[in-house]
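Participant: Feature list, courtesy of TrEMBL:
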DOMAIN    9-109  domain 'FAD-binding FR-type'
BINDING   Cys249, Cys254, Cys257, Cys265  [2Fe-2S] cluster binding site
Amino acid sequence: MTARENHSDTPFAARLLRRLDLSEDTALFTVAPEDAALPLLSSFTPGQFVQLSVPGAGEIPISPADLPQKDGTVDLCVRRVGHVTQALHQAPEGARLGLRGPFGTGFPLPEMEGHPVLLLAGGLGIAPLRSLLMHLLRNSDRFGEITLMYGAKQPKLMLFREELAEFAARRGLRLYLTVDFAPQEPCGGFSCAVGLLPDLLRGFSFDAANSYAAVCGPPALYRCLGADLEAAGVAPQRILLSLERRMRCGIGRCCHCALGQKLCCLDGPVFPLSDLKQIPEAL
Ligand SMILES: Cc1cc2nc3c(=O)[nH]c(=O)nc-3n(C[C@H](O)[C@H](O)[C@H](O)COP(=O)(O)OP(=O)(O)OC[C@H]3O[C@@H](n4cnc5c(N)ncnc54)[C@H](O)[C@@H]3O)c2cc1C
Ligand code: FES
């Protein structure tokens with residue numbers, strides 16, 4: 001089923017199975033849909049999103065942090081920022097939730113095969129990119145070199161850092177971490193630069209002409225990273241940006257997420273830089 005065909009506006013029932021705190025305001029929630037959801041979630045492609053509803057609070061778009069497991073459970077890494085995310089963080093294990101989706105475009109995995117892939121994540125941007133990273137690592141024989149550059153404000157806000165260090169040590173991931181500033185505490189045993197993500201990229205030598213780049217982070221990052229990647233020699237149609245826009249329906253009906261003539265929920269949230277350059281307000 002393609003994203004455009006999947007116009008489901010009725011959430012299917014799910015339960016909060018467990019929760020793992022990753023930082024003081026961010027946790028990984030494992031959500032178990034009931035049986036009817038399995039065929040839907042099994043079509044998930046990294047980069048797509050689901051609409052998660054918390055009864056009594058509302059519904060929000062979230063990009064799964066990994067591909068759904070065989071039993072249909074899905075991991076959602078969610079930062080507490082407002083009404084619905086706060087309600088989710090307060091929900092007890094076993095709480096009833098709702099899920100719709102998956103929606104939107106994911107990363108173009110077939111055309112990325114055979115190429116090196118550079119992932120650039122700023123802050124919470126690691127959450128949506130993690131599902132792409134997991135796919136690349138599990139299928140590393142089908143892709144070129146896999147590199148992750150990940151920047152956080154400070155070491156304690158760096159999510160999944162033990163897991164990422166493990167991937168670097170055992171699964172061939174080239175990993176570069178940076179923090180905006182490093183307070184007194186050490187980086188937890190991780191080799192970590194101090195500076196901004198674009199600084200890491202500027203000192204990096206790679207096969208740009210052959211590479212795909214996947215970027216997710218705060219909006220301010222996109223303009224400069226997009227320009228830097230292009231200047232380094234990555235083709236703009238291979239610079240893939242995962243955009244975050246306020247959404248309501250998630251299925252192309254309300255126009256809440258309009259980006260010029262495009263809708264972020266249907267045509268995105270993953271867009272090539274070449275498309276976004278045609279939309280003045282996109283970046
Ligand atoms: C495609 C997509 C994928 C996403 N994936 C994730 C994810 O994996 N993990 C995660 O934690 N969050 C993700 N988000 C963001 C998440 O949807 C918002 O944080 C959530 O909707 C906030 O809801 P709330 O009711 O808690 O906050 P509200 O009470 O609605 O707002 C709280 C604050 O957050 C701001 N805000 C709310 N929604 C957005 C938004 N979409 N963009 C920018 N600012 C916003 C508001 O302006 C306000 O300042 C994603 C968003 C999109 C569009
Ligand atoms: S969220 Fe309604 S059209 Fe995109």
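Every residue gets a Cβ built from N, Cα and C, even glycine.
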Participant: When you average the Cβ positions of Cys249, Cys254, Cys257, Cys265 for the [2Fe-2S] cluster site, which other residues in that chain have a Cβ within 8 Å of that mean position?
Facilitator: Met247, Arg248, Gly250, Ile251, Gly252, Arg253, Cys255, His256, Leu263, Cys264, Leu266
Participant: Which ones in the same chain are close to Cys249 ([2Fe-2S] cluster binding site), with CB under 8 Å and 6+ residues apart in sequence?
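Facilitator: Looking at Cβ-Cβ distances below 8 Å from Cys249 ([2Fe-2S] cluster binding site), excluding near sequence neighbours, one finds Asp9, His256, Cys265.
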Participant: On the DSSP side of things, how many residues of the domain 'FAD-binding FR-type' (9-109) fall into helix, strand and coil, could you say?
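Facilitator: Secondary-structure breakdown of the domain 'FAD-binding FR-type' (9-109): 16 helix, 44 strand, 41 coil.
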Participant: By the count of other Cβ atoms within 10 Å, pick out the sparsest of the binding-site residues Cys254, Cys257, Cys265.
Facilitator: Cys254
Participant: Quick one: mean pLDDT on the domain 'FAD-binding FR-type' (9-109)?
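Facilitator: Its mean pLDDT is 91.
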